[in-house]
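Taken from Swiss-Prot, the feature signal peptide applies to 1-21. As annotated by Swiss-Prot, disulfide bond applies to 24-41, 34-62, 47-51, 66-77, 78-83.
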């Protein structure tokens, strides 16, 4: 009986710990668990000198809050696992 109770306690602790973490994409379909305190996934996109030939620059990751919007930078934030996909990834 004690073993069963101990097992239930351990499973509960593990499940609570796993439920508190967030995973975000950091690059092309490369996901990572966010550090403690970072509860938002984001995608930043902007044009640089090579935008015409290479497309927009993309930065992805985790943050404590949604990054501040600046001129010429598009930012999208979300708060579920791997929600910060990039539309141009396609289906491959």
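Note that Cβ sites are derived from N, Cα and C of the backbone, with glycine treated the same way.
Distribution of Swiss-Prot features across the structure.
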| residue | record | contacts (Cβ under 8 Å, 6+ apart) |
| --- | --- | --- |
| 24 | disulfide bond | 31, 32, 34, 41, 42, 60, 61, 62, 81, 82, 83, 84 |
| 47 | disulfide bond | 56, 57, 72 |
| 51 | disulfide bond | 57 |
| 66 | disulfide bond | 40, 42, 75, 77 |
| 78 | disulfide bond | 40, 41, 42, 84 |
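Reduced to three states, the DSSP call for residue 47 (disulfide bond) is coil. Comparing the disulfide-bonded residues 41, 62, 83 on other C-beta atoms within 10 angstroms of each C-beta gives the minimum for 83.
Around residue 77 (disulfide bond), a 10 Å sphere centred on its CB holds 15 further CB atoms from the protein chains shown. Of all the Cβ atoms in the protein chains shown, 20 others lie within 10 Å of the Cβ of residue 34 (disulfide bond).
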